[in-house]
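Student: Take this structure first; my questions come after.
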Amino acid sequence: MGQELSQHERYVEQLKQALKTRGVKVKYADLLKFFDFVKDTCPWFPQEGTIDIKRWRRVGDCFQDYYNTFGPEKVPVTAFSYWNLIKELIDKKEVNPQVMAAVAQTEEILKSNSQTDLTKTSQNPDLDLISLDSDDEGAKSSSLQDKGLSSTKKPKRFPVLLTAQTSKDPEDPNPSEVDWDGLEDEAAKYHNPDWPPFLTRPPPYNKATPSAPTVMAVVNPKEELKEKIAQLEEQIKLEELHQALISKLQKLKTGNETVTHPDTAGGLSRTPHWPGQHIPKGKCCASREKEEQIPKDIFPVTETVDGQGQAWRHHNGFDFAVIKELKTAASQYGATAPYTLAIVESVADNWLTPTDWNTLVRAVLSGGDHLLWKSEFFENCRDTAKRNQQAGNGWDFDMLTGSGNYSSTDAQMQYDPGLFAQIQAAATKAWRKLPVKGDPGASLTGVKQGPDEPFADFVHRLITTAGRIFGSAEAGVDYVKQLAYENANPACQAAIRPYRKKTDLTGYIRLCSDIGPSYQQGLAMAAAFSGQTVKDFLNNKNKEKGGCCFKCGKKGHFAKNCHEHAHNNAEPKVPGLCPRCKRGKHWANECKSKTDNQGNPIPPHQGNRVEGPAPGPETSLWGSQLCSSQQKQPISKLTRATPGSAGLDLCSTSHTVLTPEMGPQALSTGIYGPLPPNTFGLILGRSSITMKGLQVYPGVIDNDYTGEIKIMAKAVNNIVTVSQGNRIAQLILLPLIETDNKVQQPYRGQGSFGSSDIYWVQPITCQKPSLTLWLDDKMFTGLIDTGADVTIIKLEDWPPNWPITDTLTNLRGIGQSNNPKQSSKYLTWRDKENNSGLIKPFVIPNLPVNLWGRDLLSQMKIMMCSPNDIVTAQMLAQGYSPGKGLGKKENGILHPIPNQGQSNKKGFGNFLTAAIDILAPQQCAEPITWKSDEPVWVDQWPLTNDKLAAAQQLVQEQLEAGHITESSSPWNTPIFVIKKKSGKWRLLQDLRAVNATMVLMGALQPGLPSPVAIPQGYLKIIIDLKDCFFSIPLHPSDQKRFAFSLPSTNFKEPMQRFQWKVLPQGMANSPTLCQKYVATAIHKVRHAWKQMYIIHYMDDILIAGKDGQQVLQCFDQLKQELTAAGLHIAPEKVQLQDPYTYLGFELNGPKITNQKAVIRKDKLQTLNDFQKLLGDINWLRPYLKLTTGDLKPLFDTLKGDSDPNSHRSLSKEALASLEKVETAIAEQFVTHINYSLPLIFLIFNTALTPTGLFWQDNPIMWIHLPASPKKVLLPYYDAIADLIILGRDHSKKYFGIEPSTIIQPYSKSQIDWLMQNTEMWPIACASFVGILDNHYPPNKLIQFCKLHTFVFPQIISKTPLNNALLVFTDGSSTGMAAYTLTDTTIKFQTNLNSAQLVELQALIAVLSAFPNQPLNIYTDSAYLAHSIPLLETVAQIKHISETAKLFLQCQQLIYNRSIPFYIGHVRAHSGLPGPIAQGNQRADLATKIVASNINTNLESAQNAHTLHHLNAQTLRLMFNIPREQARQIVKQCPICVTYLPVPHLGVNPRGLFPNMIWQMDVTHYSEFGNLKYIHVSIDTFSGFLLATLQTGETTKHVITHLLHCFSIIGLPKQIKTDNGPGYTSKNFQEFCSTLQIKHITGIPYNPQGQGIVERAHLSLKTTIEKIKKGEWYPRKGTPRNILNHALFILNFLNLDDQNKSAADRFWHNNPKKQFAMVKWKDPLDNTWHGPDPVLIWGRGSVCVYSQTYDAARWLPERLVRQVSNNNQSRE
C-alpha cells in the first residue's frame, strides 16, 4: 500500500509540475482530492495504464452523468475546472520538454499502478472469464470445481454475465466491429458503486484483451426482447413477431409454459430472469472485488450451478440502499410517481418471493397503503390462480401469496421461474393501483382542465386516473381520448375541433402545446373586442372564412366581384307602386307626397326607418348555414301537398338541432314576401311534426311584409333534429279586409318578423278589476292588486268562527298595519272554472275592499301583458304563446279576467289614494324561545396564521353567499376551523353557551322512516335539498344572538364582527327548525296530492305513487313550492329510476337491501370500536335474518372494563358471528308492503330470545328484542309476550295497522295456561282482534330459524312436596353460608359480601348435595324464592357481575334434576313457634356465630379504614396490629394513596391548657355550593377542631360560627386570626370584648403565623375528599353530614403517639406532665433567668414557660442552657 500511495503521490506531483510550467498554480492537497473524486467516479481510470485525450474525455462524460444523476451538491466545486486545465494540458501539443516529460512519467505511473491482469482466461473452454482474483483464489476455485462442488463460502449474488454480440464464431477471441470507446465508457459507469441500477447492457472493459469481453449487468427483459426483435426483423414481419412474442409471454405468465435456462460455468452464480429471457454463452469476467461486495441491484433469490450441473438456490437479504432509495422516492414523489414506478419495475425484474414483496412494501409504504397494496395483491393473485386452474399447472392461490403450506421462505425459493413472473406481475399491478398522493380519488369524468392548466398536464392526470380505474391506461385509451376533448377548456377544444377525428391523443397534445395563460388572456381580449363570449368567438373562429356577397348572398366573393349582378348585365329596375302615398310608381325615398291616397298625413323622412335585412346569410350555432345556392324564393314558388290542400308547405333551409333549453327559435324558410294582393298569411304547424315533439307557434304574415318568412318553433321535451327540406309548417292565405283603424306606419316592408297589429292586452277602463272567489266554500269579492304581495281580507267579511293568529310582520302601503292578524290555517280557494289552491290570507279591520295579492294571482296563472314591441318580443322569446297560457303544459288562464265593476262598492277613499305596496312576510324559521335576554359573550380564541387565513376566506365566502352579515351584536361566541380529509377547511362556531340560554324544541321525528312501508309497486322519485340549513333564514329577532368575531394577529386591527342570517350549524334547534320549515313548504303538495306517499326526513324527500305521470306532476309542484320557499334541489341527487339510494338503503324494484357494507376487522381493538360496530349492526337488524343468539358472542365483547379505550379482541365465537353478519348483509333483502294483503307477524323460537318477522309472501321487516333483557331472569314465554307487544307497536308505528294474524310457537292449551299464570300474556294480547295461531306458512325462508326448545315448569313445584327432606338456607354479608337439615348444620365461607348471593351459594350447595332426593327448601330471601322458579324457563340471563354466573350454575343443576323440589319463603326473626321458624333461626344463628369468630383485628382495621379512612398510626394503636400491616391497609386504599401525608404540626405558639389559644380562619370548598365557606377554629393545645358551613365570610357569619363553637367546648381566652375584613370590623371587636376574649391578628399577608389552622384546612379537606368517595352514608349525604363525619374522624378517631385523640387531649388533660428544666437569657437585658420548664423544643428555637412572669416565651436555642436531667412536674 505504501508503494502504491507513493506512486499516486508521484503521479499527482508530476501533474502539478506540468501545470506549473503552463503558469497554473494549484495546491497539492486540492489536486489530490480531485483525483480521489476521479477514482470514485471512474474506477476504471487507474487501471488504464495510460492517459490521453480520449480517456480524459471519458472522464468528463462520467463527471457530466454523475452531475445529472446526483445533482450539484455531490460534485466538488473545482472538479470541472481541474478537468478543463488537464484537458488543455493533454490536448495541446506541447513543445516544452518539461511538460512532455511530466506527461510521460504520468503514463508510466498509470501503467505500473494497473491492478488488473487481463491476459488470463478461464479454464472452462465453454465460458472464458476475465478473472480479477489472485492466483491463490483461482487455484482454490479450480480445485473445488474439480471436485464437482462450488465454493464453500456462502453463495454471493452475481449479476448476469453477458458476452458481446459478434458475427464471428463464439470461440474467436478477437471480436471485430465493436465500438470499444463507447463500450468502455458504459462499463465504467457500471463499475461505479454509487451509480443507480442500469437497465441496459454495458459493453466490455478493454479492447486489448484477447478474449471475448463480458461485463456484469442486470438485464431488463424488455430490452432483451427488443434486441431479439431487432435480430429477427429481417426474417419475419414485425407484426407477426410481435404477436407471437405477446402470445408466448401470456402463456408464461399463466404457467402454460416453463422457462429453461442454458447451463453456465460451474460455480457461477446467475441472477433470476423474466420468463423467456435468454442468457447467451460466451466469455465472461468476474471481479473478486465485486464478489466480496454484493451489488445493490441483486435481490433475494439467486441460483448457482455447481460443477456437476446441479442448480442451487439461495436467499439473500435486501440491500438497504435500494429500500432507502425506494422509500425516499415514495415519500417525496408519491407511491405511483413515474420515478418510483421505475424503481419498482427494476426491482420486479428479479426473483422476489411473496414474503420478500410483503417485507419490501411494509418497509417502504405507510400502514394504510400497505393494506391497500396487500388487498389488491391478493385480488390479483386470485384472478391469476383461476387462470392457472384452467391451464392445469397447479399454481394455486397459496403459492402465489406465500400462505398455507408455502408460508416458509424455503418453500417459496423452489418456485418455477414462470411462477415468479406471475408474482412480480401481480405485485407491480397492485402497486400501480395505489392512490395518488393528495388525490381525493375523483371519478374519471370529473377530471377537467383548468383555465390556465397546460393540456399535457391535464392529459397526464386523465391517464393516471384511468390507470387506477382500468388497471392500465391502455385499457381505456379511447375513453381517455374522448374525455381529453370534452373536458378540455374552450381554447384547447377550439384547437382540437378541426382535427378531432383525424389524429390521436399525441396529436391533441401537439396542437395544444402553445396554449397557455398568455393565449387565454389574448383570447379573452379578442372576444371582448368582438362583443362575443369566448365560446362563441371560438366557434365562429373555426367556421368557413371568406366574405359574403351583399348582392347575391353567396360566399367566396364580395359585391364588387359579383358576376351575377355585374353592371354591364344588370337590367334597370323599374319602381312599382309607392308604398308611402300609394298613388304613383316611384321610389319611396323620392316620394314628396304629404298625404296618401286616403288623405291621411304621411310622416316626414327622419332617422333610420324600418330595419333592413341582415348583411349576409344567417348563421346559427345550432344549425347549418343557409345553402349558398339557395335563392330568395317568392310565395309563388311554394307548393301544395295535394290539390285539395289549403296550406302552402314551408320547409327549413338548414339542418338544425333544437333542445328544450334553447326556447323558441326562428327557422329560415328562404321564402320572402310580399304576399299576393288583398291577402294575409297564417302560419300553422304540421300535425306530423307536432307528434315528434316540435311545437310551431302560429303567426300572422302581413300583406306588406317583404322580408323572409320564418317559422317560430321550439323543442318541447326532447332534442329534435330538423333536417334541411323537411316540411314543418303551412302558410294559409286568407282574404284581407281593410278597416278604418288608424295606421301607425305607412308600410311594413322588411321589418321584424311577426305581426305588428296583434297584442295580448287587457284594456284599462274606468271599471275596477274585481274578482269573485270562494274561500272554503264562502264567497268573497275583491280587487285584483298586482302590487300587493299577499292577499288581504277585511275583518268585516271574515267569519267569526274562523281562527286567526297574530303575526310579527308589518304590512306597508299607503297605510300601515303593524302585527296584523293572519288565518291560522290554509284555506282552499276556488274560482268559477273550478281551479283551486291553498292560501293563508291576512285579516285587517277597516279595509274598504278585499285585495287579491300576488300569492293568489300566481296560483291562478294570471298574466300581465303589454302592447309594447320590446315587451312582446321578450314574451315571445320566453315561450309565450298567443292564445295559450304560460307553464310547461300551457294550461293557464286563456282569457283576460272580466273587468266589470260593481257600482255598489265604495272606492278606496282616504285609505288608499294611490298604488298600494304591501310587502309579503319574509319566509323564515320560527322564532326561538329564550330563557333569558341577557347577552352572552364568550371571547374569541386566538387562531394560528394558517387557521386565521382559512377563517377569513370562509367568512368572505359566506358573506358573498348572503349567509352572514356584519354585526354589532352584544352576543359573541368563538369560531374555529378544522381541516377535512380532502384538505379543505370547514368553519365551525362553538354555540354551547348560546344553546344553554334557549328552550330546546322536541324532536319532530323520533325515528327514521322505513322504506318498507311504501306501498308495493309504487313509482318513486327521491330528491335531496342542497345546503338546507343555509337556505333557511333565521328569524330576524334571533340573528343577533349568533354573532361571532374574526380576530387579527397581534391585535393589528379591530375584530370584524358578523352574525348568521341562516340556520347555523351547531345550534341545538337547527334540525328541528329545518324539519318544520321544509314540512311547511311541502304542506300544499301533501294537501293537493293526498294519494301520493310522501316521506320527508330532514333534507331528503321521497315521492311515491301508482301513476308515473301523476308522480311527475306532483314532483313538478313540489319543485315550485320548494323554490318559492327558497329551498333548492341538488340536481345531481335527483333519483328517477332504480336502483334508488335512500337513508342508507338501496331500493331496486320490489327488493330493499342495505348498501354494501365492509366490516374492517383490523380496526376492532377497543371497547369504543366494538360499540360503534354493534350499533351499526343493531341498526341493520330489522332487515337481516339475524337472531340475538347469533349476535350474543359479539355482544359479550362489550362486557368488562368500562374504559372506552380498554382493549377488546374477537374470540372464535365472535369471529363466527361476524361472518354471519357479513353473509346476512350480502344476502339480505326485504320487500315493500302490499296494503291489499293481510299483514302477518311471525314469532320464531330462536336461541336466547325469540325473533319476529312481518310477512307477506316475502319478508318485510324483522323485529328483535333488546340485546340486554329488562330483567335478570326473563322467562322465554315472557320474552315472547314482550315481542308481541313490540310487534304490535311497530305495526301501528310504521304501517298504521294492526297485524291481522300473529303466529307464535305455543298451542291453544299452553296459551290458556299462560293467560292464567303470567302477567305479560294478558297485557300483550289485550284488545287484539286478530287471529292468534301457531301454524307457520310453508316457505323455505321461514325454516332458517331453528326452533328453540322451550319448557314449562316441571321440576320446581309450586306447592310443598310430601315425604321430602326439609332444608333451611341462610347467608350473611360476612360471606358465611349455611344450611340446616334435621339436627345437622353445614356452614362454609365464601368470598362474597352480599347476603343475597351468599344465600344463593348455600342453595346451590343444597341442590348439589341432594340431586336425587325430593326437597322442601325454605329461605328468608324473598328475592331467591321468586327468582329460582323462573330459572327453569329462562333462556337468557342478564349479565350482572357474579349474579349471572351463580344463576347459570343453579339453572344447570335444575336442568340436570329429574326429581322435583319446592322452594318457599319464610320471614326471618319473626319469633313464631314451630319447626319452620326454628329451622330458619338455626341457619341464621350459624352464620352469625361464625361471623363473630372470624372478625379479627385485621379485618376490623380494614373495615374501619374503609369507613373512616384512618391513618396508619391510628389503626396500629386502635386495633393493636403491626405498624407494617397498618401501612399496607392505607397503601392499598385507592382513595388514600392519592393524598400526601399531613405535614408536621410545626412550632406555632400553642396554648398551655385547653381553651387558652385558638386559631381561626375560613377556607372554601366549592362542591358544597352555597355553603362553600367553611369557618374553622382549632384549639392549639389539644388540636380539637371545630367547623361550620356558612353562606359567606362577613362578621355576622364569623359570630354565628363562634357561637356554635362556644356551645361545644366553651370560651377561649385568646383568638388569633388573619387581617380579613370579617375579623377586623368594629362589630367583631365589640363581640370579643363583651365576652372578654383577647383577639389578636398576625402579620398581614404572612400565613405562617396561622400555620396550625392552615394545616387544619388541609387535613379537613383531605378527609372530606376521602369519605365522600367511600361506601358509608356521606356518599349520598348533605354537606353538613359530610363535614360532621370528617370532624368526628379528626377529633375522636385519629390518635397521636401517646394513643390519644384530640378529644382526649382536650377533655382529659393531664396537668402532671413532666417538663425539662432550663436556664434562659433574656435578649433584651442580657440577664439569665430560671430554671423554668420547656414546653416545646422546636427546630432551632425553644418555648420556655417563665414561672416569674407566668407566660411562655420563644427563644433561640443558643440562649437556652439545660441545667439538669431532673424533670419538674408543673401543676
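Including glycine, each Cβ sits where the backbone N, Cα and C put it.
Quick paste from Swiss-Prot:
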type: DNA_BIND; residues: 1716-1765; note: DNA-binding region
type: ACT_SITE; residues: Asp785; note: active site, protease
type: BINDING; residues: Asp1024, Asp1099, Asp1100; note: Mg(2+) 1 binding site
type: BINDING; residues: Asp1370, Glu1399, Asp1420, Asp1484; note: Mg(2+) 2 binding site
type: BINDING; residues: His1505, His1509, Cys1533, Cys1536; note: Zn(2+) binding site
type: BINDING; residues: Asp1561, Asp1618, Glu1654; note: Mg(2+) 3 binding site
type: DOMAIN; residues: 867-913; note: domain 'G-patch'
type: MOTIF; residues: 210-213; note: motif 'PTAP/PSAP motif'
type: MOTIF; residues: 335-338; note: motif 'PTAP/PSAP motif'
type: ZN_FING; residues: 547-564; note: zinc finger
type: ZN_FING; residues: 576-593; note: zinc finger
type: ZN_FING; residues: 1496-1537; note: zinc finger
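Give me the lay of the land around each of these features.
Tutor: Asp785 (active site, protease) carries neither a helix nor a strand DSSP state and counts as coil. If you draw a 10 Å sphere around the CB of Asp785 (active site, protease), it holds 25 other CB atoms from the protein chains shown.
Long-range neighbours of Asp1024 (Mg(2+) 1 binding site) (same chain, six or more residues apart, CB within less than 8 Å of its CB): Asp1099, Asp1100, Ile1101, Ile1129, Ala1130, Lys1133, Val1134.
Just so you know, the Cβ of Glu1399 (Mg(2+) 2 binding site) picks up 25 other Cβ atoms within 10 Å once every protein chain is counted. DSSP assigns Glu1399 (Mg(2+) 2 binding site) to a helix in the three-state reduction.
Around His1505 (Zn(2+) binding site), the C-beta neighbours below 8 angstroms that are at least 6 residues distant in the chain are Leu1515, Ile1529, Val1530, Cys1533, Cys1536. Taken residue by residue with DSSP, His1505 (Zn(2+) binding site) is part of a helix.
Under DSSP, Glu1654 (Mg(2+) 3 binding site) is assigned to a helix (H, G or I) in the three-state scheme.
Mean pLDDT of the predicted structure over the motif 'PTAP/PSAP motif' (210-213): 36.
In the zinc finger (576-593), the DSSP tally of helix, strand and coil residues is 3 helix, 2 strand, 13 coil.
Helix, strand and coil content of the zinc finger (1496-1537), in residues and according to DSSP, is 32 helix, 0 strand, 10 coil.
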Student: For the recorded Mg(2+) 3 site, enumerate neighbouring residues of the same chain (Cβ within 8 Å of the Cβ centroid of Asp1561, Asp1618, Glu1654, site residues themselves excluded), in sequence order.
Tutor: Gln1559, Met1560, Val1562, Thr1617, Pro1647, Gln1650, Val1653, His1657
Student: So if I measure Cβ to Cβ from Asp1420 (Mg(2+) 2 binding site) and keep only same-chain residues at least 6 apart in sequence, which ones fall under 8 Å?
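Tutor: Listed in sequence order: Asp1370, Glu1399, His1465, Val1466, Arg1467, Ala1468, Asn1480, Asp1484.
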Student: Check the binding-site residues Asp1370, Asp1484, Asp1561, Asp1618, Glu1654 for other C-beta atoms within 10 angstroms of each C-beta and report the one with the most.
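Tutor: Answer by Cβ density within 10 Å: Asp1370.
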Student: Find the shortest Cα-Cα separation between His1509 (Zn(2+) binding site) and the recorded positions Asp785, Asp1561, Asp1618, Glu1654, and name the residue that gives it.
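Tutor: Sorting the recorded positions by distance from His1509 (Zn(2+) binding site), the top entry is Glu1654.
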Student: Which whole-number value in Å describes the distance between the Cα atoms of Asp785 (active site, protease) and Asp1561 (Mg(2+) 3 binding site)?
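Tutor: Distance (Cα to Cα, whole Å): 81 Å.
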Student: For the DNA-binding region (1716-1765), DSSP counts of helix, strand and coil?
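Tutor: Per-class counts: 3 helix, 36 strand, 11 coil.
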Student: According to DSSP, how is the motif 'PTAP/PSAP motif' (335-338) divided among helix, strand and coil residues?
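Tutor: With helix first, then strand, then coil, the motif 'PTAP/PSAP motif' (335-338) has 1 helix, 0 strand, 3 coil.
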Student: Looking only at Cβ atoms, how many others are within 10 Å of the one on Asp1099 (Mg(2+) 1 binding site)?
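Tutor: Other Cβ atoms found within 10 Å: 20.
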Student: Would you list, in sequence order, the residues of this chain other than His1505, His1509, Cys1533, Cys1536 that have their CB within 8 A of the centroid of the site's CB atoms, where the site is the one recorded for Zn(2+)?
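Tutor: Near the Zn(2+) site, the remaining chain residues are Thr1506, Leu1510, Ile1529, Val1530, Ile1535, Lys1666.
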Student: Does DSSP give Asp1484 (Mg(2+) 2 binding site) helix, strand or coil?
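Tutor: DSSP assigns Asp1484 (Mg(2+) 2 binding site) to helix.
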Student: For the Mg(2+) 2 site given as Asp1370, Glu1399, Asp1420, Asp1484, which other residues of the same chain have their Cβ within 8 Å of the site's Cβ centre?
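Tutor: The answer, listed by sequence position, is Phe1368, Thr1369, Gly1371, Ser1372, Ala1378, Ala1395, Ala1402, Thr1419, Ser1421, Ala1468, Asn1480, Ala1483, Thr1487.
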